[in-house]
Amino acid sequence: MSPSIFHRAVQRAAAHAPWSAAARRDTLLLAAGVPLSAPVLILLGLPRLWFVLVAFLPCLDLLSVAQRSRLRALRGLLIPSRAPRNAGWWGKVRAGLTWRQFLYHLVVAPLQTLGALLVLAGWGIGLVMATVLGWIWLMPAGAPLQSRPGWAVADGWTTLGGAALLFLTPWLAALLSRFEEWAAGSLLGLNRAELLQRRVEDLAESRAGVVDAADAERRRIERDLHDGAQQRLVSLAMNLGLARRTLKDVPAEAMRVIVEAHEEAQAAIDELRDLVRGLHPVVLEDRGLDAALSGIAARCPVPVRLDIDLSDDIAPTVEAVAYFTVSEALTNAAKHSRASRVELSIRQRDGRLHIQIHDDGIGGADAARGTGLTGLRKRAASVDGTLAVTSPHGGPTTITAELPCEL
Amino acid sequence: MRAVIAEDSVLLRVGLVKVLEAVGHEVVAAVGDAEELLAAVAEHQPQVVVVDVRMPPGFTDEGVRAALVIRRQWPEVAVLLLSQFVEERYASDLLSANTSGVGYLLKQRVANVDDFVEALQRVAEGGTALDPEVVSQLLIRRDTDPLRRLTPRERDVLALMAEGRSNAAIAQTLVVSDSAVAKHINAIFAKLDLPSADVTHRRVLAVLHFLGVA
């Protein structure tokens with residue numbers, strides 16, 4: 001035996017000594033489990049009382065809650081609850097009624113309780129046995145226990161046995177509490193499929209949060225530009241226009257500069273307006289999707305036929321995605337398709353938004369190549385929507401998108 | 001001409017006052033919200049008011065609602081609405097009663113002082129001034145069959161007519177002769193089955209009526 005192995009064995013033994021913190025913690029955990037499953041144990045022991053178990057069924061979930069709380073408080077073990085977060089009472093009870101819960105509460109926990117009683121007995125009996133010599137020695141001289149022949153030897157063995165029991169009990173407690181942690185974790189917690197489902201729910205929630213936050217940020221920037229820079233630019237252009245109109249006796253050279261500055265300012269306003277619109281159009285916020293869509297349709301150089309039928313319970317982020325999808329599709333149609341007409345249809349059906357943009361152009365749009373279309377597809381995917389493009393060479397092109405109305 | 005200005009952005013309000021005064025109008029009041037606007041109109045009885053659509057406290061369509069009140073209570077006061085964006089429903093609300101002395105322009109149009117002053121003048125004189133973007137939205141919404149019978153040129157002319165422009169102005173914008181414009185207009189009236197009229201805003205009224213606004 002190498003010194004290091006010996007050293008480690010000593011360390012492990014010390015860690016499980018009767019006075020160690022681990023021994024105290026394990027015993028506490030097991031003892032706390034006794035009142036939770038002792039009633040079950042008694043019920044199981046009674047003959048012909050199985051019908052009581054039926055009344056006991058709805059309590060299973062409460063018991064699970066208590067057991068989880070015990071493990072969290074005494075072990076820091078977080079066992080996720082199986083019930084969906086917003087499930088009502090019945091949903092919670094139903095989630096509790098699985099064979100794994102039954103197995104835990106009706107088999108594992110009672111066995112565990114027996115083990116716990118064994119551990120407690122080990123401590124008690126061990127303590128009494130280990131101190132038996134002391135008790136006898138404390139007795140007044142001539143007491144009957146002391147008069148037995150060879151008592152010192154027999155009771156010496158008893159004391160040794162008690163000490164051994166005291167040293168063995170922590171190991172049993174450690175073993176049982178390990179088993180407890182494992183059993184509770186795998187029977188009261190979630191199985192793999194449930195874990196994955198919970199993870200998907202968490203991810204969907206956090207993604208919705210991120211998408212919303214990005215959208216809110218865009219809106220804030222838009223608002224700042226609109227109320228700040230744009231107003232200033234308009235004011236500047238107005239002043240330049242005024243100067244251009246009222247200053248009569250300035251040199252031609254100076255007037256040319258003023259005129260140029262005025263035109264520059266107006267161009268800057270137009271550019272800023274396009275930029276702001278690309279972030280998040282004000283009209284979308286103030287007047288909703290319908291109004292915003294007629295706005296882009298009106299600005300499209302290709303004649304657009306609108307067919308919009310919307311109620312108003314659409315998440316703002318989804319509205320933004322729909323808006324940009326239509327906007328980009330119309331821009332593409334105007335730039336590349338050589339179309340003479342565009343048909344735009346948006347309908348709301350079964351909680352989903354169906355968008356179709358159809359043009360009679362030359363086709364050849366490819367979602368795999370066109371960065372604009374790829375962006376649109378990603379944007380649709382960010383709210384769990386889909387986007388499909390059919391655009392054979394020679395046309396026509398149809399873009400269909402389907403978005404959920406609520407995130 | 002006596003004018004009242006309602007615009008919550010101080011920068012633009014000051015600018016508008018300067019522009020109006022520079023072209024010889026008298027700004028009797030410049031206010032920052034709809035309530036003050038109504039009070040100022042009641043007090044000063046101006047010929048024209050320039051109103052921002054979005055104003056405190058709600059920053060939604062306070063200006064439009066104030067404009068509707070003004071048109072109901074003081075029909076002789078001309079109203080020019082300025083908006084961050086075009087929204088044909090505002091135009092419909094505003095024009096549904098009467099198209100004389102009404103204007104609805106994008107806010108950025110004030111940057112082009114000459115156009116703005118010209119539109120204001122037209123409105124004050126009882127005419128109409130609609131932003132080209134408003135008109136194109138109206139045309140899109142009423143994309144009905146008779147409109148499809150129009151040639152692209154005729155659609156351009158119709159759009160300019162709906163903005164409230166005179167034949168001469170249309171001719172200048174499209175760089176064609178006055179008689180060509182007149183010919184297009186007659187063709188439009190024939191195709192849309194509208195009675196011809198020679199006062200500018202009645203022409204607009206006829207067009208808008210066809211478009212389903214008025």
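Positions of Cβ are set from backbone N, Cα and C atoms, glycine also.
Feature annotation from TrEMBL assigns domain 'Response regulatory' to B:2-122. Positions annotated as domain 'HTH luxR-type' by TrEMBL: B:143-214. Residues or ranges marked as 4-aspartylphosphate in TrEMBL: B:ASP52.
In the three-state DSSP assignment, the secondary structure recorded for B:ASP52 (4-aspartylphosphate) is strand. Taking a C-beta cut-off of under 8 angstroms and a sequence separation of 6 or more, B:ASP52 (4-aspartylphosphate) has the following same-chain neighbours: B:ALA6, B:GLU7, B:ASP8, B:SER9, B:LEU12, B:GLY63, B:LEU81, B:LEU82, B:SER83, B:LYS107. DSSP assignment over the domain 'Response regulatory' (B:2-122) gives 59 helix, 27 strand, 35 coil.
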